[in-house]
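Student: Shown below is the structure under consideration.
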Amino acid sequence: MDSNSDKQESFDFDESRKGKMTLSLALVALISAFGSSFQYGYNVSVINSPAPYMQDFYNQTYIDRKGVPMDKGFQTLLWSLTVSMYPLGGFFGSLMVGPLVNNCGRKGTLLINNLFSIVAALLMGTSEIAKTFEVIILSRVIMGIYAGLASNVVPMFLGEMAPKNLRGAIGVIPQLFITLGILIAQILGLNSLLGNANGWPVLLGLTGIPSVIQLFTLPFFPESPRYLLIQKGNEERARQALQRLRGWDDVDDEIEEMRQEDQSEKEEGQLSVFSLCTFRGLRWQLISIVVMMMGQQLSGVNAVFYYADRIFQSAGVESNNVQYVTVSIGAVNVVMTCLAVFIVESLGRRILLLAGFGLCCGSCAVLTLALNLQNTVSWMSYLSIVCVIIYIIGHAIGASPIPFVMITEMFLQSSRPAAFMVGGSVHWLCNFTVGLVFLYMEAGLGAYSFLIFCAICLITIVYIFFIVPETKNKTFVEINRIMAKRNKVAIQTEKDELMDFYAIPAEQAEKKEISNSEL
């Protein structure tokens, strides 16, 4: 009998027993996503509607202190800081992911992270009473750190808990709650609700409520079984966690897989970001997440939302009603991300990535044409609306949710925290860069800005088509075997097959394969 096939059987799960969505797994996914990811989305859009009233507060506070109105340029600077400190804080939060998840665990990091949100919510909610706008800017940095941690730790936490046949669907849930957070902030930010001179402090302060809920409920759920066994060496707790999450007692297959990975971790240790960037065996995985994260943020999603108001106004929507149209776009975003949860396991990650970026690419190209012709051709303004909706659909089903799923799937335990640090840092830096650069692009290029986004989407599509593998319903080991060929390395098979790769020269790898086949 072929020894390689024997080894293969010992590590693969029983295909007849696919993981199911148990109540414990569903609840931990919902609590993690609501308590963390939801607030990421909420704080992305929460300051958009009350912006004029908040700027008036900045000016009035300055008058009370100095006796003269605030200089227009200084007010613009302060508001720019208020907006941009959030993604900058997200970058710093991403840098904290590795040390925290390795020392405090995935669940422990989420619980600690809630303190950032609660403190920021209290500061923002009392800023008007305290007559200080500085704490709002400080709170935006704190909320950014919170979001930077949450956007990376929640996908990691849920990806390590989910069975392989549900990993994609559960991995999209954080993005679903991000879009839900954006929508709720848009609804509560309506002028008739809290988006007014009296309601904006409450609107900002509400962000602490999900954190309080998570702080009191998440401790009743298990930590990541992989963290418990591989990094804490506690097999009994890992077994108990798996039994609770899977809904059955026989979890020996997964325990055996993690035990073997534990042996490899003891030899290899946790990879730092520097080690990850210089490790030949993970070269293409690293390049892939950088490309996907850059494509996600540089594909023009912020520009589309920026242009949406004027596009709908040009189509005849009254300025007073534009806020309701913005809410409707947010609703489309939620519905399509919800659809992605249900189709990601049937269609696969590659299809959704290619289709998502493809829709974004095509809609950006047509939108450029429509915006330039809308003054001469009356129906072009309606075509612009269609392009905006198609773009939102494309981003919601592929470009937004799938890259974070891929980080979890393309890396093993030793390299996953470092990979999330790299991917998260790229995500937030690109977000910050777009916020700074887009207004200058729009002033210089106008509607032709979308051609740049179109090109970025096209480059991302080409890369994904040729490089990124399908990871649907595959174990972490199987995915790493696929990438081993791309990296021109071989997996060490004598001791374990579950560690990240040792770089073996191609000739040596070929000899090893020949010797194994002769056994």
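Every residue gets a Cβ built from N, Cα and C, even glycine.
Remember, predicted model here, so these are calculated numbers, not experimental data.
So TrEMBL says this about it:
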| type | residues | note |
| --- | --- | --- |
| DOMAIN | 29-472 | domain 'Major facilitator superfamily (MFS) profile' |
| TRANSMEM | 21-42 | transmembrane segment |
| TRANSMEM | 77-98 | transmembrane segment |
| TRANSMEM | 110-130 | transmembrane segment |
| TRANSMEM | 136-158 | transmembrane segment |
| TRANSMEM | 170-188 | transmembrane segment |
| TRANSMEM | 200-221 | transmembrane segment |
| TRANSMEM | 286-308 | transmembrane segment |
| TRANSMEM | 324-344 | transmembrane segment |
| TRANSMEM | 351-373 | transmembrane segment |
| TRANSMEM | 379-406 | transmembrane segment |
| TRANSMEM | 418-441 | transmembrane segment |
| TRANSMEM | 447-468 | transmembrane segment |
Student: Between the transmembrane segment (379-406) and the transmembrane segment (200-221), are there three or more C-beta pairs closer than 8 Å, counting only pairs 6 or more apart along the chain?
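Tutor: Stretch pair does not touch.
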Student: Quickly jot the same-chain residues contacting the transmembrane segment (170-188) by Cβ under 8 Å, restricted to those at least six beyond its ends, or write none.
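Tutor: Hits for the transmembrane segment (170-188): 25, 29-30, 32-34, 36-46, 48-49, 151, 154-155, 158-159, 161-162, 194-195, 203, 206, 323, 326-327, 330-331, 333-334, 337-338, 340-341, 344, 396, 400-402, 404-405, 408-409.
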Student: What stretch, picked from 136-158, 324-344, 418-441, 447-468, has the most CB pairs under 8 A with the transmembrane segment (77-98)?
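Tutor: Result: 136-158.
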Student: Under a Cβ pair cut-off of under 8 Å, which of the recorded stretches 21-42, 286-308, 324-344, 447-468 contacts the transmembrane segment (351-373) most often?
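Tutor: Ranking 21-42, 286-308, 324-344, 447-468 by Cβ pairs under 8 Å to the transmembrane segment (351-373) puts 447-468 first.
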Student: Cβ under 8 Å, sequence separation of at least 6 from the ends of the transmembrane segment (136-158): give me the contacting residues as numbers and ranges.
Tutor: 28-29, 32-33, 36-37, 39-40, 43, 54, 78, 81-83, 85-97, 100-101, 106-107, 109-110, 113, 116-117, 119-121, 123-124, 127, 170-171, 173-174, 178, 204, 207, 224, 404-405, 407-408, 416-417, 420-421, 423-424, 427-428
Student: Taking residues 6+ outside the transmembrane segment (286-308), which of them lie with a CB under 8 Å of any CB in it?
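Tutor: Distant contacts of the transmembrane segment (286-308): 276-277, 325-326, 329, 353, 357, 360, 364, 367, 371, 388, 391-392, 395, 399-400, 402-403, 406-407, 410, 419, 422-423, 426-427, 430-431, 433-435, 438, 442, 449-450, 452-454, 456-457, 459-460, 463-464, 467-468.
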Student: Considering only the recorded stretches 21-42, 324-344, 418-441, state which has the highest number of Cβ pairs under 8 Å to the transmembrane segment (110-130).
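Tutor: Comparing 21-42, 324-344, 418-441: 21-42 has the most Cβ pairs near the transmembrane segment (110-130).
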Student: Mind looking up the mean pLDDT for the domain 'Major facilitator superfamily (MFS) profile' (29-472) in the predicted model?
Tutor: 88
